[in-house]
Structures are given as structure tokens and as C-alpha cells.
Amino acid sequence: MTKILQNSLLQPRTRYQVLATMIVNIITFGHGLGVGWLSPTLAKIQSPSSPLDFEVNIDEVSWLGSMIGLGSLCANLTIALLLERAGRKFCIYLLAVPYACLWILVYFASNVGFLYAARFLCGFTGGAAFVVFPIYISELADTSIRGALCSMVMLSYNFGVLAGFVLSTYLPYHVVPMLGICLPIAYFLANLMLPETAPYLLRQGQLSAAEISFDYYKNPTDRKAKQTTKCDFDELRTAVLAQQCQNSEPLSYKDLITRPALKAFGAAAVLCLGLECCNVYSFINYMSDTFASSGLALDANTSTIIIGIVQIFGVYTSTLIVDIVGRRLLMLISNLGVGLGCIAFGCFTYCAEQYDLTAFNWLPLVLMIVIIYLANIGLIALFFLQLVELFPAKIRSLATSISVVWMSILIFATLKLFPLMMFHWGISVTMWFSGAWSLFTFIYLLFFLPETMGKSMIED
């Protein structure tokens, strides 16, 4: 009970940490909206009553899916250059611009190139946000709630995906971008009230600004709390100075090939492979088509909305328990469950081709609910938090950016190949492939993934 109270997000000390997390996650909600927008919209623009003046073929559909990966890749490279030079807050402000342009392009689309560019900018926004936000939140959050706050990144994203599914299903094509354009405006204005993080300011030698920032996010409300906050800031300042003295030499390639760094890179590489090659992200982008191929009796768009709700419950579960049971256990349960679920899904669709299983045509939805729920309690909810916590402090920004670049390449490849795999291999083989990757990831993490709960963001 004491641990639960300490981890509460409602205590005065964490109030502004939660507020800052909610404000920056306006854009992750928006990114989710852009991702969820695609699946129902594809059905609309490929129908005879398309709201657009041009047709979209299967090859263009695969490019529409995969352009988000290219955008994410470009964002990773851009943010890697800016994060330490310009600061977290500059990068956070920057995200409002491409996101606003995304919906302008969607609204005025006169050929498929407009949609390609819109999906690219959607990927750019997400790719940048998923690098900056976990680092930003980790630096301002108390250790006891860091996992919960970082999980809110994916919770906000999943709320956005659900909103994208619902709005794109039930609203006219041109109404959705008019609603979407409101998000970057609110995001930019709300962020004006938030200061830069104290660890970054200390590394820049801005002691006074760092102390003001630290007090803001810790929100001391009485004399005792102010004394505690002062002591905590002195400890942080000492730790940062000690780290700078220890790492007085500029960052070099040798810092990337130390034993701790290589172990972290290995775990990060496998996490990226597991996340993308299990095809959960592809399922979300092509959910309506996946259900249509499985022989599901229910309406594909309605089932897609149900899956969006399941995503939220999955990440919310993770938010509640991640700082109690740890990261490693949730990651292992998630990968094992997704692997077994995908294999079971593939077995059902294979048997459905051989035998009459119409009495069980509700089963694809149940299996997909299990897959998506288990993916979201660990693999999706904790992915970026795990990346940030794995790497030593000196290389954290660069190493996280490198890992997300690798992830973006995989996003592009899997989203490009998934509809082609479904077309040429069929849904059964595609699901077996996804399940095999998840089980491989589970085995690797079982032996090589360390527990990072409670790790200081200053320590190496």
C-alpha cells in the first residue's frame, strides 16, 4: 500500500510532472489520429463513391502505409542533431509545424502525392516525438512514477488511433482534417508554459534556470517539501557535475562500443525487430483489410474500433503496474502472448480454408483482441521507456536516436511489405511469420534484457 501511495500521480509533488506529460502528449494523440485515419479512409478512397478525384491502386496503398516509416527515419536523423544542441523544448515546439501541414495536405489532396506527403509528415511527427518525449519525461519525472508517465506516451497515441478509427469511419473525408488542425495550435500554446528540463540546463551550465525548472516540476507546497526539493536538486547537480568530470572528453565512437553500450544496443536492436516484425503496427495500419481477409463475420470497421478500445485498456494496464512489477516481466509476457496469439490466428485462418468454420467466424476478433492487448501491456507501452533506460547517460540521446532510426527503417519495410505479404503469401503464413518473430524476441529478452526499474537517469 505504501508503494502504491508513493507511486500515485495525484500527490502535489508530481502534479506538474503529470501536467507536462499531458501537454506534450497532445501531439502523440494527434500522431495516433493520423495513423488511425488511414485504415477506414483506404476503404473510402478505393470505393466507387470516393471523395477524391483520383484512384488508388494496391501498390499505392502499400506506399501510403510505408511513407510513415520514411518520415519517421528523417525525423530521427533531424532530432539526433538537434536534441543536445537546441534542447528538448525547441524540439518539442518544432513538432507543431509538420503536424499542421499534414492535415492541410489531406484536406487539399488532388493526387496521391499529397497523401504520400501527408503520411510522410505523420511519420516525421511521430518519429521525432517518440525520441524527444521519453527523454524529456524521464528527466522531469520522479523515479517512482517515471514508468507510468512514459507509458502515457503510448496511451495518448492509442487514444488518437481510436479517434482516427472512429472519426474516419463516421465523418466525411474533409471534416477530419478540419478537426485535426486544432491539435497543433493547442499543443504549441500549451507548451509555452513549460520550462526546459533541469538535467539538460545543468549540462549547459545554466544553474539558476535549472533550479527554477526543478522547483516547477517538483512543486514544493510547504517548508518541508521545499527543503526536500532543495536537497534533491543539490544531489542532481552533484551527479551531473560528477558525470561531466568523468566524461570530460567529447563523445566518441569508443563510447558506443563499451560493454554496457553494446549490451544495450543488442537489446534495443532485438526490441525493434520484435516490435516491427511481429507486425502489430501493420495490423493497426491495415486492420480493416486484415479482418476482411480473415473471414470475420462482424463489420470490419466496427471490429477495428473495438481493437482501438482494446489498445487503450492494454496501455492503461501497463501504466498502472509498470512501476510495481517492473519492465522486464511485462515485456516477456507481452512477447510470448503476441507470438502464441499470432500462431493461433494463422492456424484458424488456415483451417478455415480447408473446413467450414463459419460457426467460429467470431474467433479472429477474439484472437486479435488478445494479440493487441498483450502487445500493448509491454512491447508497445514500454518500448520507448525501455530504450531510454537501457543506455548509459553519456550516449543516451545519440543511442536512442540510432535505435529509433533502426526502428523507422523496419517500420518502412514492414508497412511496405505487409500488404504484399498478405496478397502473395496469404494471411495464415503472414501471421505465422509474425508469431515466430515474437517468440524469438521472447527467448532473447528472457536471457539478455535487464530490469531497469528505479535506474537513475544520470548514472551510467
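Even glycines carry a Cβ here, placed using N, Cα and C.
The transmembrane segment feature in TrEMBL is assigned to 20-43, 63-83, 90-110, 116-137, 149-167, 173-194, 264-284, 304-322, 329-350, 362-385, 397-418, 430-449. Look at TrEMBL and you will find 20-453 tagged as domain 'Major facilitator superfamily (MFS) profile'.
Long-range contacts of the transmembrane segment (264-284) within the same chain, counting only residues at least 6 positions beyond its ends with a Cβ under 8 Å from a Cβ of the stretch, are 35-36, 39, 65, 161, 256, 290, 307, 311, 335, 338-339, 342, 368, 371-372, 375, 379-380, 383, 386-387, 390-392, 399, 402-403, 406-407, 410-411, 413-415, 418, 430, 433-435, 437-438, 440-441, 444-445, 448-450. Long-range contacts of the transmembrane segment (362-385) within the same chain, counting only residues at least 6 positions beyond its ends with a Cβ under 8 Å from a Cβ of the stretch, are 130, 133-134, 138, 146-147, 150-151, 153-155, 158, 271, 274-275, 278, 280, 283-284, 290-291, 294-298, 303, 306-307, 310-311, 313-315, 317-319, 322, 327, 330-335, 337-338, 341-342, 344-345, 348-349. Tertiary proximity for the transmembrane segment (329-350) is limited to same-chain residues at least six positions away from its ends with a CB under 8 Å from its CB atoms, namely 274, 278-280, 293-295, 318, 321-322, 357, 360, 363-364, 367-368, 370-371, 374-382, 386, 426-432, 434-439, 441-442, 445-446, 449. Residues 20-21, 24-25, 27-28, 30-31, 34-35, 38, 63-65, 67-76, 78-80, 83, 88, 91-92, 94-95, 98-99, 101-103, 105-106, 109, 146, 149-150, 153, 157, 197, 384-385, 387-388, 396-397, 400-401, 404, 408, 411 of the same chain sit 6 or more residues outside the transmembrane segment (116-137) yet have a Cβ under 8 Å from a Cβ within it. Only pairs six or more apart in sequence are counted, and the transmembrane segment (20-43) with the transmembrane segment (173-194) gives three or more Cβ pairs under 8 Å, enough to call it a contact.
Among the stretches 63-83, 173-194, 304-322, 397-418, the one making the largest number of Cβ pairs under 8 Å with the transmembrane segment (90-110) is 173-194. Contacts between the transmembrane segment (304-322) and the transmembrane segment (149-167): present, as 3 or more C-beta pairs lie under 8 angstroms, all at sequence separation of six or more. Residues of the same chain lying 6 or more positions beyond the ends of the transmembrane segment (173-194) and with a Cβ under 8 Å from any Cβ of it are 20, 23-24, 26-27, 29-30, 33-34, 37, 41, 44-45, 51-52, 89, 92-93, 95-97, 99-100, 102-104, 106-107, 164, 167. Long-range contacts of the transmembrane segment (149-167) within its own chain (CB-CB distance under 8 A, at least 6 residues past either end) are made by residues 9, 17-18, 21-22, 25-26, 28-40, 126, 129-130, 133-134, 137-138, 141, 175-176, 179, 284, 287, 301, 304-305, 307-309, 311-312, 314-316, 318-319, 322, 376, 380-385, 388.
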